[in-house]
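Student: Below is one structure. I have some questions about it.
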Amino acid sequence: MGEPTAKWNLLQLAFIAVYPACLSSIRMVDGMALLALYVFLFILCIPPMFIQHKLGGYEQKGIVGLFSRYLPIAKGVGVALLIDLFLTCVYFAPLVCHFGMYAVISMIQEPYLWEGCSNVWNTDKCVENLPVTMHSQNEGVYYNRLSGQASDVARQTPEKEFFNMQYLQITDKISDIRGFPVWNNTAPFHDIGFSMLPVGLTVVWIVVFLIVGFGGRVCGWILFVMCPGFLGTLFAVLVYGYMNLDKAASNQFLSRFYNLNFDGFVDIRTNRKLITDWEKGFSLLMNSFPVWTAIPATLGKMTGRGKVSRNLGWLLIILVYACIVQVPQLAMAPYLGNLLDKTSSSLPESTFLDFNNVGSSSGIKVVFQAMPAAFSILNIPKQYAMLFFLSLFLSGVMFLSVGMLTIVDNICDSLFSRSSRLSSHKILVNFVISFIMIVLALGAGFIHMTQAGMYYTVLMDQSVLRLRFITVALLAFSIIIVYVRNRFAVAEKVLLSIWCILAAIGATGFWLYSFIITKNIPISYAGHQVSDLWELISWLLAGVPYIAIPAAAIHSCMLYEGDCSERSRYLLCGGDEDDDDEEEPRNYDGYFPTEPTAPPYSYMDPGGQHYSHSLYPVDDLHKATYDPEMEPLNSDVRTSRI
């Protein structure tokens, strides 16, 4: 049942739980959508997080191990979750690489490398100090920079042209890969002669490998140390912005950004904005808080079987997320607010970026284009620009590490359950599996570093999320069965199961609604849409994880020896629970409870729970059957049984 001691304590878990912060930095919403996020956090996330975290800690298994034991027919659901998580890591790692590269680029030249329209890569459409306008008439908060819309085509910011034309060297279509971008026109990189992006991606995955490769205990301590680094760098940027920039502009931005408009509650049928806001809040929550994934069970396993850790760990994760989800936005607020104040008079409001768009492309544009514009126009010291991108890089590495740790831990558990020989070399097996998974992720991510790479990032981002409503429904149904079959309090199981069913119905409904309204929206980036062939590839990619569901069920059926009825029972009910139930009375040190002070003792009763010659070696001295005449004459070879 796993290791007798926990790999992480609750303090470590609290620090590690900040890992989703980077996800919220590239998906931004405002106003009522944020209110919806916190409402959904309480209603939709508490029951699945509680159940998965508690099961992972109590059983000391990941999501695949839980289903393999209690519901083998659903083992494929766990495998599908791991594939989904792997694909997420594949397309998110290039963004983490971009965070790190921008941290380096912001430091290598004074003024900033992306400033001005006199560079080789700039076009005649470039306009310096292109303002960012705000529009808030029942439409939320918008920005005109990098909108990619027709009204913005004729005028480009220097930051936009640097990001797309020099840094990414983006092509006009997804099939025009060409190669990796080489920055020959950039003075600091002119003499290098090769592309830095694949090198940066390799460095990212090497760092993740060094964190994950030595097991959960080492990974926990490294992430525990990385958290203060992430928070320290981000809060340094936040404090500088609020202390040194115009407070009136910052407060005006915050008041508009966090404006709560309750007009939609008056007539919900005619006011569709309320529904849209709540759908955006739900999307931000589901995309930045991995509750319906394979991660919660692994986090529970890492925090151990203790009652305190398994009953409070889930609450700690939710509270940390509630506190950290808006910190990146709060750190950016003074810079964006002052940017609006400085430049709002020189451009019509018809050109803007929809900041309400919860898609990752909108957040990417704000991080890589609006924030660099703020750093250059507001004359922010380059150290703070570096700290901003470094904070996102550290948070991104933490997310990749938690995700890969979940995948590797589930794979290793499956191997250990089938081979006792491998279980005696856990560190080596974990190291090898980590290396294999990192190599696969690195190989799959190289295409994202090409000149068409951003198209593939946006493609995978939308593909992975298309059929998420199926995952939520299957996971909820399966995990509730596993939870009910465990030995917890009946009242707890009834209440949490009902709550989890309602939460799953709500989450599935919102995911299905999102699927319906977005299924016909073409995949595009920088005004360029992908072809119908790549739309088909996107649908095929969305269905890849679900191939594992029937495949894993067939695999479980083939592994079990027995006739058809026995195999059917095994698929639906799992293995014989009595084998593990006998071990239930053991305490956390692995010992049985003390024996009674008078006979009969459990080992005297052949039908007793603990009857076994191997449990009490002192009872196996064979004194009753000892015969001295059977001993050899040579005393050197006598038995020591007496």
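If you go along the chain as it appears here, the first residue is 1 and each next one adds 1.
Just so it is clear, glycine is given a Cβ too, placed from its N, Cα and C backbone atoms.
Remember, predicted model here, so these are calculated numbers, not experimental data.
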Student: Which one is it, CYS97, CYS126, that TrEMBL ties to CYS117 with a disulfide?
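Tutor: Candidates were CYS97, CYS126; TrEMBL matches CYS117 with CYS126.
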Student: Does the transmembrane segment (192-214) make contact with the transmembrane segment (427-447) through 3 or more Cβ pairs under 8 Å, each pair 6 or more apart in sequence?
Tutor: yes
Student: Here are the disulfide-bonded residues: CYS117, CYS126. Which has the lowest count of other Cβ atoms within 10 Å?
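Tutor: Counting other Cβ atoms within 10 Å of each of the disulfide-bonded residues CYS117, CYS126, the minimum falls on CYS117.
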Student: Could you state the whole-number distance in Å separating the C-alpha atoms of SER288 (Na(+) binding site) and CYS126 (disulfide bond)?
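Tutor: The separation of the Cα atoms works out to 34 Å.
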Student: Are the transmembrane segment (312-336) and the transmembrane segment (79-105) close enough that 3 or more Cβ pairs fall under 8 Å, when only pairs 6 or more apart in sequence count?
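Tutor: Between the transmembrane segment (312-336) and the transmembrane segment (79-105), which are separate recorded stretches, there is no contact, as judged by 3 or more close Cβ pairs.
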Student: Using DSSP and collapsing to three states, where does CYS117 (disulfide bond) fall: helix, strand or coil?
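Tutor: CYS117 (disulfide bond) sits in coil per DSSP, no helix or strand.
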Student: Over all shown protein chains, what is the count of other CB atoms within 10 A of the CB belonging to SER288 (Na(+) binding site)?
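Tutor: Excluding its own Cβ, the number within 10 Å is 21.
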